[in-house]
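Below is one structure, written out as structure tokens, with a few remarks after it.
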Amino acid sequence: MNGDTASIDMGDPEWEQKINKLRALESVERRQRQVEFVSLAPVYTAAKGGDLDEFIKALEKYSAEETASLYDIISTRSPCGNSLFHVTASIENADIFHALLEVVDDEQLVAQANNRGDTALHVAARARRNHMAKRLLKFDRIVDQWNNAGNRPLHEAVKNGDWELTNRLLHQGSESVNKKNNEGKCPLYLAIETHNLEILSLLLQAVDGNEVLSSWIEGMSPVHGAVVHRRIDMLKEMSKKKKELFDLKDAREDTPLHLAAQENYVDGVKFLVNEFTSSAFKHNIKGYFPIHVACKKGHLETIKVLHQHWQDWLEPEELLTLNKEQNILHIAAKKGMASVVKYILGDPKLEKLINAKDRYGNTPLHVATIRWQLEVLLSLTRDKRVNLGLVNHNNFTALDIVDEEMREIDAPLHLRLTRTILISAKAPRSKDKAISQTISLGQQREPLDIDTLKRRAEVRIVAATLITSVTFTAGFSVPGGYNSSEPNAGIATLLNKPIYDVFVICNSIAFYNSIISGVILLWMQIDDSHATPHTLRYARVPLLIGLVTMSVTYMVGIYMTISKRTWIAIVALIVGITALFIILILYIAFFITLGYNSRLLQLFTDYIIRAAILISRSGTKGASQKYYFAGTKILKTHSDTRLLKDEGREHAPPRSLAPFSAPYPPSPPRSPDPPPAPYPPSPPERPRRHPPPRKPFPAGPPPLLSTASPLDIRLP
């Protein structure tokens, strides 16, 4: 239950009699040794019952038996550090608590905290015992005392939605409105988290006379909290009473509008844009404006609101990220937000963004290619306004980037799809690439691990063996069987049917192609890392031919045996032809990539590619999985990150940033480290063990081309 009650009026003569009994216990001579808690079990049981008379009887009995004063009993604490003040502060009946405070007026004893750091005021505030808390407020020492969780009594009152106690604490002079607990939450944030507008208004009145600076509010910003919890009423309340709160940024330097854009909180975005217009043009720690954050997350409704806000008076190409100078189309393409890309392409006012370049010369098409964002690539390549031949600062077109990766044997599906999309759109290659590259593109590519290639070959050998076995069996177990009578004994009974010829031809093609593929794959036994990739590549085509013709063999064989049942024969043909059609289309689309002049053929192929995109969706995270960003190079190994340089500045890994935290004050200057202690001299080595002298390293850092890929691409 909420609140507390007293069954006896403090001015009543009966109350005075009970208080006198307690005072009599206080007059007992105090013990030299501490009272054992175990022996106080009856007293604590009576205290939890809430009956003052029973409590006094238990005290009198214990005091008479153990010769202990009331002070001795109250100062005794339970295993978790609770005193009688803690126990009685949480029960509904306030008689015992009021009686103890009437007799014991020792602030130090009342202010004692238990093992969790809770005082009696914490307990009363948590249990919403307002009358008890009111009596405790006369002890100034505990008004702002915090427990082990960093919570002060004001935190507890706000968390429990107790407006009355919150008001009393503020009038008593509590200075905890801006103080954070261990979770980084101040009472202002807790009021928002508990959705209590009345308490928030009360707390805002308490800080109305203070100047809210970034260093004054501790922990999570209340405005950011209102955005996260989608409380437009609280945003309006804070806007009316304390606009300075909206200047707060979190540890990522995100404004409330950044967060609203990230959470797709459209009502909040509209309110913040209208009330705090300048926040739409503030950047965070990554150099992103709020509209960039919305594009990154693919929140189309938020993008429309922000776009509507500045489209009439600001050129779209002016909103660039500060670090890489990328526009909103770059960001949407990088993150694979196809719906946002389509929206931007469909707006004539944003046409200037389509072929715009970032700091490294990459267009949105380059960015989508580097990140293998297939749906975005489809939208961009099918738009006639996209210039497919633009090169970045390394003279690479989008197709050049894919060609570099396609040098690997058995390139992944998403990479093949990327190449298919670009070539079908007739994307050109750079004419200046060969001139600008000081080293050929494939010169430093290391061969794949021989064990990996052998595992791939083993899978294909198994497939080829299965095809050989099936087609060999079908060749001697033909549909319809053999004649057993002369003169045609041993001849197939269906020999004179034209469709039988198709069966024999396809079965023979499948059989011999599977054998050819298996023989080629046997060359994998030679441990040659350079010849092995070619072996896999050459074995692929006959294996695929064997699969296709084996499918035709099965379809024809089934048809011959059931041809007299017309409807079931037709169903078998339809199913077989459909499967064969899908196999051929996928093969043509992925391995024979041509440009399509016919719009109808292009639309048909796009549907096939979209179906394949769904299959490869789990593998479209892009080049960021394979390469590490290194200034002007892409480094392939962690050991190469020692070369991270960009215009003389080293790239450090991003810090772990806690959300919604106000900026911390600058750290004090660090004192210089003491000089290291000299090492003791090493014992002389015997001549026979002396290592040969090493050649000195050349001055300066090692050249980038010795460890990095020659492909000079900036990962967006």
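Placed from the backbone N, Cα and C atoms, the Cβ positions cover glycine too.
Going by TrEMBL, these are the annotated features:
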COMPBIAS  662-684  compositional bias 'Pro residues'
COMPBIAS  694-704  compositional bias 'Pro residues'
DOMAIN    452-560  domain 'PGG'
REGION    647-716  region 'Disordered'
REPEAT    149-181  repeat 'ANK'
TRANSMEM  461-482  transmembrane segment
TRANSMEM  502-523  transmembrane segment
TRANSMEM  543-562  transmembrane segment
TRANSMEM  568-594  transmembrane segment
Composition by DSSP (helix, strand, coil) of residues within the repeat 'ANK' (149-181): 16 helix, 0 strand, 17 coil
Secondary structure content of the domain 'PGG' (452-560), with strand meaning DSSP E or B: 83 helix, 2 strand, 24 coil
Contacting positions for the repeat 'ANK' (149-181) when only residues 6+ beyond its ends and CB under 8 Å are counted: 116-117, 119, 121-122, 125-126, 128, 130, 133-134, 137, 140, 142-143, 187-188, 190-191, 194, 196, 198-199, 202-203, 206-207, 216-220
Overall pLDDT for the domain 'PGG' (452-560), taken as the rounded mean: 82
